[in-house]
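*Asks:* For reference, the structure I am asking about is given below.
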Amino acid sequence: MARSMTSLVAVVPAAGVGSRMKADRPKQYLQIHGKTILEHTIERLLSHPAITQVVVAVSEDDPYYSELAIAQHPDIVRVAGGKERADSVLSALRFLSLQQQKADWVLVHDAARPCVAHQDIDALIERCSSHETGGILATPVRDTMKRANAQQMIDHTVDRNALWHALTPQMFKAEVLTDALSDALAQGVAITDEASALEWRGELPALVQGCSSNIKVTQPEDLALAEFYLSREKDRK
């Protein structure tokens, strides 16, 4: 691990409702092995030796977070989340900018990715330590990709050779990411992840290949897969 990045802050946007899960609560509060997905995710981040603090952005009217044991953890800070992901990340970044000891770099990680491997975080930190902009974890596209027309029929096959699935964490300089998100939102630009804000400014974030097990729990069937990956890791310990 690069010596210049021995202390990092992770930002977790967790204000989404996860409607595609069709559950009685936001997906980050569904349980696996007696813990919520959010707890698994945050504990995975905080157990990494380079991450010293996690700032989690939660909806102000969220009734679940305060009931979690992690809500009282001294290295986990709750801030108000926003309507969109970018608003939540920006809220966390603005909180960090007001602290006496400001974070130079931040790792932004999805609340519903509880299976991220420490070795992938190591690789991301190592790559970003020598990259001007920062970078993201990603996996190369393996399947044949089709572009559809308006009638949901195949228009043409897309060349997959240069296509990657964007994952998280995504790691950038805190000040640069703050400016990029602020400017993009002010211009009405659609921001689906942090890298897209940097791309809009003409930056070229690095792609760091990560494990395909770093899934995002989005659909009901993803819950069983995340449980499998977490169980497999537990058995290895």
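We number each residue from 1, going along the chain as drawn.
Including glycine, each Cβ sits where the backbone N, Cα and C put it.
Under the heading site 'Transition state stabilizer', Swiss-Prot lists R20, K27. Among the features that Swiss-Prot reports, site 'Positions MEP for the nucleophilic attack' is placed at R160, K216.
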*Asks:* Among the recorded sites K27, R160, K216, whose Cβ has the fewest other Cβ atoms within 10 Å?
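*Replies:* Checked K27, R160, K216; of these recorded sites, fewest Cβ neighbours within 10 Å: R160.
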*Asks:* Do me a favour and check the Cα-Cα span between K216 (site 'Positions MEP for the nucleophilic attack') and K27 (site 'Transition state stabilizer'); whole Å is fine.
*Replies:* 10
*Asks:* Compute the C-alpha separation of K27 (site 'Transition state stabilizer') from R160 (site 'Positions MEP for the nucleophilic attack'), stating it in Å without decimals.
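*Replies:* Cα-Cα distance, K27 (site 'Transition state stabilizer') to R160 (site 'Positions MEP for the nucleophilic attack'): 30 Å.
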